[in-house]
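Quick look at what TrEMBL lists:
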type	residues	note
BINDING	ASP30, THR86, THR122, GLU155, LYS266, ARG330	NAD(+) binding site
BINDING	PHE152, LEU153, ARG154, GLU155, LYS207, PHE252, LEU253, HIS254, ALA255, GLY256, GLY260, LYS323	substrate binding site
ACT_SITE	CYS263	active site, nucleophile
DOMAIN	316-417	domain 'UDP-glucose/GDP-mannose dehydrogenase C-terminal'
Amino acid sequence: MKIAMIGTGYVGLVSGVCFAEFGFQVTCVDKNPAIIERLQAGEVTIYEPGLDELLLRNARDGRLVFTTDLETTVADADVIFIAVGTPSRRGDGEADLQYIYAAADEIAAAMKPGAVIVIKSTVVVGTNADVRARIGKARPGVAFSMVSNPEFLREGSAVEDFLRPDRVVVGVHDDAGAAAMKRVYRPLYLRETPMIVTTLENAEIIKYAANAFLAMKVTFINEVADLCEKTGGNVQDVARAIGMDNRIGSKFLHAGPGFGGSCFPKDTRAYAATGRKMNAPQTLIEQVVTINEQRKRSMATRVIEAAQKNGEKSVAVLGIAFKPNTDDIRESPALDIIPVLQKAGLAVRAHDPEARVAAEPVLPGVTWCKSAYEAVEGAGITVLLTEWNAYRALDLKRVANLMSGNLLFDLRNVYSAQDLDGTGLEYHSVGRPLVGKVS
Ligand code: UDX
C-alpha cells in the first residue's frame, strides 16, 4: 500500500510521518521546494513534540520520502491524501477552497485507476461530493473512490492524537473507500479505536460541529468567568463542579483570554458562513465568533485601565503562541492585545520560549527578551498570556523585585492566591477574586 500525502503543512506532515510509523510507504509532496529540501535534510519544519524522532527514523528506514513531484507520486499511489490549507476568505469568513481544487485537478490528471482520494483538510459540507464530481469529469470512465477523513489533531500533542485518537471518522460513498481506510488505520483498529464509517457529508459536518462545540464550551466558561468577577465567584471552582457532570465533561472549561490558533477561529467562522449560505443560521456559533473577538480586545482594555490608574508605562508580556508547546501564533490573543497596548502608549517587552521568530515580524516595536525574568525587568505590569510550563513556576518574589510596578495579570489562571503571599504583587486573574490589592 503506497500513500501520497499532498501538502506538508501541519496536518500533512504529522499524518504523513505517522502513516510511515504505521509501516506504510509514504511520499509527502509539497509545491514549496524550500520546505521539501529542509525535510529531505531531516529538518522538521514545524514545532511539534515527538515529531522529529519519528520523521528521522522513518526517513532513515526508507518508508518516508519528500518530493515536489506530485505527478509521479500520485501515479504510483494507492491512497492519496489531500492535506492542503483551507484558510478563511477575507470578508465573509468562508473557507477558501482554491488549494483543494487545484490539488484535485492535479491528482485527477495523474492518478491510476482504482485510486482512493482522501480529503483530510477541513472542508465545508458538500466539498467532497464536488471534488468527486470534478475528478469524475476530468477522468471519465476511470474508477476511483472519494473519502472524507477529517483530523482532530491538537497542536502540541498532534503525534499522540494521531497515534491514540478517541475515534477515527471516515466518510465514504463506496465499499472500496471504506476498505482502504480500514487498511490504513489498521494499527488503531487493532487497538480497538472506534472507526465511524459514515457518509461524505456527515464526516464534513462532524469535523466542524466538533470544533464549533469545543469553541463554544471555551466561550461559555469565559462568560461564566465574567460573571464570577462581578459577583465574587471563582470560575475554577464552578468549572470543576459542573465538569464532574458526565454530560458536561471537565475538558475545555479553562477560562482565559479567548481562543486562538489555526483551527477554532477559522472553523467557527466557516461553520457560521455555511449556516448563512445554506439558510440554516448557526446563531449560537455566530455569537461565539463575535464574543471571542471582543474578548481578546477587552483583555487589552483591562490592562490599559490598570496602567492608567497606576500611572504605569510599560508591560511585560509572557507568551505569544496561542497555546503552549507550539510556535504557532495564528490568531493568538497576543496579536490582538499587544498592538492595542502599544496604541495606548504602553511600551511592550515580551518573551516566548518558541514563538519569537514567527512573532517578531508581525509585532513591530516590541522589545524581545531571552527569558521571562529579563522581560519583567523594569515593567510596570506583567501579563501572562500563554501557559507555558516555564511560566508555571516563576519565582514571583524575584519577578516582583525586578518589576518597577506591582501588577500581575495572569490571564491563564496559572497561579493561586497562596503563590502570591509575601510578593507584594497585585494579582488579577480571570474569573477569580483579586489578590493583594493595596487600597
Ligand atoms: C483544536 C482542536 O482541539 C483539534 O481537535 C482540531 O483538530 C484543531 O483545533 P488546537 O487549535 O491545536 O486544536 O488547540 P486547542 O488545544 O484545542 O486550543 C484551542 C484554543 O482554545 C487555544 O487558544 C486555547 O488556549 C483555548 N482554550 C482551550 C481555552 O482557552 N480554554 C480551554 O479550556 C481549552
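Cβ coordinates are placed from backbone N, Cα and C, and glycine is handled just like the others.
Unlike curated records, TrEMBL annotations are generated automatically.
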Seminar exercise, completed: If you tally other C-beta atoms within 10 angstroms for each of the binding-site residues LYS266, ARG330, the top scorer is LYS266
For this session: Please list residues from the chain of THR86 (NAD(+) binding site) whose Cβ is under 8 angstroms from its Cβ, counting only those at least six apart in sequence.
Result: ALA95, ASP96, LEU97, TYR99, ILE100, SER121, THR122, VAL123, LYS266, ALA270
Exercise. Among the binding-site residues ASP30, THR86, THR122, ALA255, LYS266, ARG330, which have a Cβ atom lying under 6 Å from any atom of ligand 1?
Worked result: none
Exercise. What's the CA to CA span in angstrom from LEU253 (substrate binding site) over to CYS263 (active site, nucleophile)?
Worked result: 18
For this session: Give the distance between the Cα atoms of GLU155 (NAD(+) binding site) and ALA255 (substrate binding site), rounded to the nearest whole Å.
Result: 19
Exercise. In Å, rounded, how far does the Cα of ARG154 (substrate binding site) sit from the Cα of CYS263 (active site, nucleophile)?
Worked result: 9
Exercise. What is the number of other Cβ atoms found within 10 Å of the Cβ of THR122 (NAD(+) binding site)?
Worked result: 22
